[in-house]
Amino acid sequence: MNPVPAQREYFLDSIRAWLMLLGIPFHISLIYSSHTWHVNSAEPSLWLTLFNDFIHSFRMQVFFVISGYFSYMLFLRYPLKKWWKVRVERVGIPMLTAIPLLTLPQFIMLQYVKGKAESWPGLSLYDKYNTLAWELISHLWFLLVLVVMTTLCVWIFKRIRNNLENSDKTNKKFSMVKLSVIFLCLGIGYAVIRRTIFIVYPPILSNGTFNFIVMQTLFYLPFFILGALAFIFPHLKALFTTPSRGCTLAAALAFVAYLLNQRYGSGDAWMYETESVITMVLGLWMVNVVFSFGHRLLNFQSARVTYFVNASLFIYLVHHPLTLFFGAYITPHITSNWLGFLCGLIFVVGIAIILYEIHLRIPLLKFLFSGKPVVKRENDKAPAR
């Protein structure tokens, strides 16, 4: 077992929490965007569409880098089997809890909102299964992907550790140019795989289980491993925490390319493959933008920040059905998109915080939504991982 840094990575805790909480304005703005969702406003807003696209273009790539960073830190702290058990429990238990308590009621509500309840009995067995796979996993998809990644990394992290024992990691040098080329190739590789599947057997791409377990894992795994490498190599971490005008400019140009692809691309052509290449390199450059920004402004301990770090997962889990409820039953009564967006934020965040405070007072719910046994500690002010 290797030692881990004693200094708390406050800025990474904060970034991870804020990235998760960004899911709230992301999904509320989705209601008012030009993108088709479960519920939409009568007229889309150009600026809220732009805001929605911006968040969507990089948020989860950066999130998985941080997840990989902390996962490898715990990999060095625990024996292999315990590491796998701890990691899977911390993401798997909240996911399994949220399905019957959150996404199943959400699915039932949407069946009536969208007028599909009467047609449900007429669906084939496969269509019912596939619909449930999409709707019950829903916004919990990243937890399922983390379970898959953790299982894969039992082997990957062992290989990384064994290779480090036979090499001098101090001589490893990284550059953003080299990383950009690597991630460009990874994006092209992913695009080739997706296009091949589209040619050979296109229906599998609309299968929810295949999409989450295979395609999402395949896309985000490089970011997860990059996070682990950032923990191992201080030079790589410094590359991300040091502000880079080149990365900022490249990310801005990549986002413009992302918007153009969204506007002019066609799903029947190469839109999704092009998007995977763009978001692969955009995600890499945004790691530098977000890490350097967070390292400069968020690398401190604060009771208020700690509260939201601890609350972020629960708030994210409950915000989705609250957002859809707001979109289905309240949005039609608000004529202004921006007013609706602000009211949605107040509605969702307010109720989510109230529910969070209630669940803290019920030990069983606290365990189910965190995946961690409830342990009473005195003066424990450190944010939970």
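Placement of Cβ uses the backbone N, Cα and C atoms for every residue, glycine included.
According to Swiss-Prot, the protein carries these features:
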- 17-39: transmembrane segment (TRANSMEM)
- 54-76: transmembrane segment (TRANSMEM)
- 88-110: transmembrane segment (TRANSMEM)
- 136-158: transmembrane segment (TRANSMEM)
- 179-198: transmembrane segment (TRANSMEM)
- 213-235: transmembrane segment (TRANSMEM)
- 242-261: transmembrane segment (TRANSMEM)
- 276-295: transmembrane segment (TRANSMEM)
- 308-330: transmembrane segment (TRANSMEM)
- 334-356: transmembrane segment (TRANSMEM)
Which of 54-76, 179-198, 242-261, 308-330 contacts the transmembrane segment (88-110) most, counting Cβ pairs under 8 Å: 308-330
Highest-contact recorded stretch vs the transmembrane segment (17-39), from 136-158, 179-198, 213-235, 276-295, 334-356, CB pairs under 8 Å: 334-356
Residues of the parent chain within Cβ reach of the transmembrane segment (242-261), under 8 Å, 6 or more residues beyond its termini: 50, 53-54, 57-58, 176, 180, 271, 274-275, 278-279, 281-282, 285-286, 288-289, 292-293, 296
For the transmembrane segment (54-76), distant same-chain residues with Cβ under 8 A (at least six beyond the ends): 1-5, 9, 12, 15-16, 19-20, 22-23, 25-26, 29, 83, 86-87, 142, 146, 149-150, 153, 157, 160-161, 220, 223-228, 230-232, 251, 255, 258, 279-280, 282-284, 286-287, 290-291, 385
Intrachain neighbours beyond the transmembrane segment (308-330), with Cβ under 8 angstroms and 6 or more residues off its ends: 13-14, 16-18, 20-21, 23-24, 27-28, 31, 37-40, 94, 98, 102-103, 105-106, 109-110, 113, 138-140, 340, 343-344, 347-349, 351-353, 355-356, 359, 369-370, 383-384
Positions whose Cβ lies under 8 angstroms from the transmembrane segment (334-356), at least six residues beyond its ends: 24-25, 28-29, 31-32, 41, 43-45, 48, 311, 314-315, 318-319, 322-323, 326-327
Touch test for the transmembrane segment (179-198) and the transmembrane segment (213-235), at least 3 Cβ pairs under 8 Å: yes
